[in-house]
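Down below is the structure, laid out as structure tokens.
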Amino acid sequence: MSGLNPHFKAALQSALERYETPFYAYDLASIQARVGALRAAFPKAEVFFAMKANPRLGILRRLLGWGVFLEAVSVGEVRRAYAAGFKRTEVLLNGPVKTPAALAELKELGVPLLGLDSLADAERVARHLPGSHVLLRVNPDLPVVTHDHLATGRGESKFGVLPQDVGQALEIARAGGLDVLGLHVHLGSALEHPEDFRAGYAVMERLYQEYGPFEVLNLGGGFGLGLDLAALAPEALGLAERLGVELWLEPGRYLVAEAGVLVTRTWGTKQTRRNFLLVDAGMSHLLRPMLYGAEHPVEPLYAGGAPQTFDLAGPACESGDILARGLTLPTPQEGDALAILQAGAYGSSMSSNYLDTPRPLELLWTGEEWEVLRQRQSWESLLLEEQSEG
Ligand code: LLP
């Protein structure tokens, strides 16, 4: 995976002159290129961007303009999708838990396409929202290779119904008056092995032969950044063709991860038994290294002195607050900036207010200017929900 595009890197220097760190910055051209690459690999597929990866309105609205739809997983995300201008039929709500209150809220808001995740979910959705257009999520019970937290297609994960339960779930849905468009599989996230997808496709082919015909086949997302998508795509397209269905996809990371960086400044070095570079971003801003052991490349935005090996240490009161380990970087001066790469997906969206840390500023480079997608959260706003009603 390559480093920063030189134009974007130059733009980051201009952002550093205007904005305090830490901040997220995204390159619009990169997102657009990924949409183009996906469309080229999967002509005719309907693309539902997994908005959990990056839900900024300024990004969602661009995607809408390019004909990309959204995959959501909470009523909050559905509200956000509608606020960005998406129509009900352009939003697909998945998720294992849909409470009666959430279903009532959807009725008010306008019911999107719905993913059914279990027998109980099928029954409840039918009871509250009869007539809805739904897909049934299958748990293909496969040994998917990825981090344990990111595998959803293994038999022991909480997602979907096992192949042997598909018939019963379909009966419940149809008896309850739901319009079942098709089946859905999402094997997991950050998948790098095409064989995992092939195994998933084979399970779906069998199920379509047994329970079809359907109108739609939703093969989910999960494309890792190192996956050869162009090689895999013809197999997915061939399957959809054989089954006579419309192909749907739900990529998150693939579209936005490489477009985004987290920019942080260093405020010194220190040594214990390891050599640390101290920075102003940490686990409150980017949780992936701590939660999944994710390795994000780091690119210095300074020239610096002789190279040294550092761990990048954040400001939190936790030993795990290390953004990257064993990095060889030119020795920086106080205030020098670094870009943490591949942070456009699940970076800001998984940030938190841990330690009263305000959520960071988020910027979009349009090719001409920096657009503020989201202001840095004010510290005062952290107190709002605690103010008593008097
Ligand atoms: N479809 C469904 C039903 C999903 O649950 C997800 C992600 C996606 C599509 C998009 O997956 P992607 O193409 O982005 O891999 N926080 C983790 C990733 C969790 C993904 C959850 N579901 C991370 O930072 O890697």
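Count begins at 1; order follows the chain as displayed.
A Cβ is built for glycine as well, from the same backbone N, Cα and C atoms used for every other residue.
Annotations in TrEMBL come from automatic prediction, not curation.
These figures come from a predicted structure and were not determined experimentally.
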Quiz item: Pick from Tyr302, Tyr346: which one does TrEMBL list with Arg253, Arg288, Tyr292, Glu318 for the same substrate site?
Solution: Tyr346
Quiz prompt | Annotated companion of Glu250, Pro251, Gly252, Arg253, Tyr346 at the pyridoxal 5'-phosphate site, TrEMBL, chosen from Gly212, Gly222, Gly282, Gly314 | solution = Gly222
Exercise. With Lys52 (N6-(pyridoxal phosphate)lysine) as the reference Cα, tell me which of the recorded positions Gly222, Arg253, Arg288, Cys317 is the closest one.
Key: Arg253
Quiz item: Looking at the recorded positions Cys317, Glu318, Tyr346, which have a C-beta within less than 6 Å of some atom in ligand 1?
Solution: Tyr346
Quiz item: In whole Å, how far is Glu250 (pyridoxal 5'-phosphate binding site) from Arg288 (substrate binding site) when you measure between their Cα atoms?
Solution: 20
Exercise. Could you check which of the recorded positions (Tyr292, Cys317, Glu318) sits closest to Gly222 (pyridoxal 5'-phosphate binding site), going Cα to Cα?
Key: Tyr292
Quiz item: Given the binding-site residues Gly222, Pro251, Gly252, which one is most crowded in terms of C-beta atoms within 10 angstroms?
Solution: Gly222
Self-check item: Sequence-distant neighbours of Arg253 (pyridoxal 5'-phosphate binding site) in its chain (C-beta under 8 A, six or more apart)
Solution: Ala53, Ser189, Ala190, Gly221, Phe223, Gly224, Leu225, Ala345, Tyr346
Quiz item: Under 8 Å Cβ-Cβ from Cys317 (active site, proton donor), six or more apart in the same chain: what's there?
Solution: Leu355
